[in-house]
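According to TrEMBL, the feature DNA-binding region maps to 37-80. If you look up TrEMBL, you'll see 305-321 marked as compositional bias 'Polar residues'. Among the features that TrEMBL reports, domain 'Homeobox' is placed at 35-79. Taken from TrEMBL, the feature domain 'TLC' applies to 82-283. For 294-335, the entry in TrEMBL reads region 'Disordered'. Annotation source TrEMBL lists transmembrane segment at 91-111, 131-150, 157-176, 215-234, 254-279.
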Amino acid sequence: WLLGFLHYRFIAKPCALHVGIQDSGPYQPQPNAILEKVFISITKYPDEKRLEGLSKQLDWDVRKIQCWFRHRRNQDKPPTLTKFCESMWRFTFYLCIFCYGIRFLWSSPWFWDTRQCWHSYPFQPLTSGLYYYYIMELAFYWSLMFSQFTDIKRKDFLIMFVHHLATIGLITFSYINNMVRVGTLVMCLHDASDFLLEAAKLANYAKYQRLCDTLFVIFSAVFMVTRLGIYPFWILNTTLFESWEMIGPYPSWWLFNGLLLILQVLHVIWSYLIARIAFKALIRGKVSKDDRSDVESSSEEEDVTTNTKSFCGSSSSNGANWVNGHMGGSCWAEE
């Protein structure tokens, strides 16, 4: 917790302010007791019939009322600064731990020959470098497990929860059973693409569209290669077949490989989501917003008439009026 606070205070927040992200809350809608009562007591998403009734009651244009409800919903959402700092923390960790992992594994024999993972098993020495690698990864994923309930809510909350459980289970289980050699390969492989995703999100929040698109393309390529190529044909091959051949079907073999296969299923699901975003990006000409995003798209509400632009013209600081950091020039449907 202390490390995260220091990172936020002296690294993440100064970087956010430097790239122009304002330290302010979301756009505040015009105070209105009637609309506030409807929002709190009845519905946050009024239908067409209710909108028409409120329009007659308040003598407001329907578009203006839609805009009010959208800004009121986004008022409870975290601002861009919070999201930037959250991604900055993950980016810093993933990049540092990946560099540490590559440096450590480069001089390890099992990095070049996976059969070395099972030589002399389970009587393999636990070096200090390997120990610290495991402890740092385990501590970070435990922090993600708990912070997931307080951080920005995403649509893939359940998938991420299963992922964190499987990851913590794998790290702990492999450490207890001294399967740390193959464990380091799994951790390093996953860290290879994670920091690129966080970097793309940082560029998105900072409104660097071209940089965001470039980083997302690189991330997609690395993710597909590592998770759908190297992971099943390199990692699963050694845990399923080479281990069976060299040391036999030990009791924990089934549980260990079961957890690894759960990760592979999650890889396929995420690959589908990434491919869908990439496909939309090709059609639209730029990367669309994260399919997991909790902040509403401006959608058809941005196509406002002249007499309501004075009310809806200002963009909220949490990016509600922006499409991936840029003002939408056309009607964008919420993904």
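Backbone N, Cα and C define each Cβ position, glycine as well.
Annotations in TrEMBL come from automatic prediction, not curation.
Here the transmembrane segment (254-279) sits against the transmembrane segment (157-176); at least 3 CB pairs are under 8 Å, leaving out pairs fewer than 6 apart in sequence. Residues of the same chain lying 6 or more positions beyond the ends of the transmembrane segment (157-176) and with a Cβ under 8 Å from any Cβ of it are 134, 137-138, 141-142, 144-145, 148, 182-183, 186-187, 252, 255-256, 259-260, 262-263, 266, 269-270.
The domain 'Homeobox' (35-79): residue composition by secondary structure is 33 helix, 0 strand, 12 coil, according to DSSP.
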